[in-house]
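Okay, structure first, notes after.
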């Protein structure tokens, strides 16, 4: 996910100097959709944060999703702030840089929480007994802290930008963002789920993909929504001598990719609820119970944890894990 701060002056320049009545009408319509999506996302993620953080039993899974919701909430909060400042024409260069770095930080955190969730699922499939013995709340919290600290390290190259009046879109910073927030995470996540598929196939449990459909759906939506904007940033970086005032179609496309990014962050909390098998029935109960079902830990029936961890025991435990 990227923010439009680098190209802000070009976007606002085009919209204010070259707009027509029809363009303004379309702009108002798109702005309403954009704003509504962000508000819905803020409410949804805020609800997940409140329930998962204050009302639900703490599990490793709930810790992952709580931090993912926090990252999405902060991203949407600063996106709507940026949006309002643009509309009010109060957007200074310094504030633009701050908003850009803050959104980038939470983009990084969000995607790497998805990476951790995928690796966690993979380990629980291939090393079920080991995972049962070593997955603790303390370790999960430490991992989350590492991700948040790393997100600050990720945006550290942008700190010098705070003293600049303008920032050029270069291939270096675009490639840096693409590698750290798309390419590496995609390879890790894809490898994790391929490994899960291989294990399920070996156990002849092809129908037991239901425990993973929530995470797979969230990840697919994330990449579908984020990749187009990476393409736009590369397009901007590679273009030479662009007459920005006559690239209205490009900025419409860029705005659409930005909308997809916000849509992704807004959809996640609702996916947690509606991916339950019997969500219609669950919705009649308390929302806390619905989220607990979505975040439910897989239970392993191991009578003696001190017993030697043989291959047969690991196979039996993995089958039980997949059947839930």
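Cβ from N, Cα, C; glycine included.
Since this is a predicted model, take the numbers as computed values, not measurements.
Annotation comment: TrEMBL describes 28-52 (among others) as transmembrane segment. Tertiary proximity for the transmembrane segment (28-52) is limited to same-chain residues at least six positions away from its ends with a CB under 8 Å from its CB atoms, namely 62, 65-66, 69-70, 72-73, 76-77, 79-80, 83, 87, 255, 258-259, 262-263, 265-270, 272, 287-288, 291, 295.
Per-residue confidence over the domain 'G-protein coupled receptors family 1 profile' (44-272) averages out at a pLDDT of 82. The feature domain 'G-protein coupled receptors family 1 profile' is assigned by TrEMBL to 44-272.
Feature annotation from TrEMBL assigns transmembrane segment to 64-88 (among others). Distant neighbours of the transmembrane segment (64-88): 1, 3-5, 8, 11-12, 31, 34-35, 38-39, 41-42, 45-46, 48-49, 52-53, 95-96, 99, 102-103, 106-107, 109-110, 113-114, 116-117, 120, 140, 144, 147-148, 262, 265-266, 268-269, 272, 295; these residues of the same chain sit at least 6 beyond its ends, with a Cβ under 8 Å from one of its Cβ atoms.
Residues annotated as transmembrane segment in TrEMBL: 94-119 (among others).
The transmembrane segment annotation in TrEMBL covers 140-159 (among others). Same-chain neighbours of the transmembrane segment (140-159): 60, 63-64, 67, 97, 100-101, 104-106, 108-109, 112-113, 116, 173, 176, 180, counting only residues six or more beyond its ends whose CB sits under 8 Å from a CB of the stretch.
Sequence annotations record features per position, and here TrEMBL assigns transmembrane segment to 179-200 (among others).
Marked as transmembrane segment by TrEMBL: 212-236 (among others).
What TrEMBL records for 248-274 (among others) is transmembrane segment.
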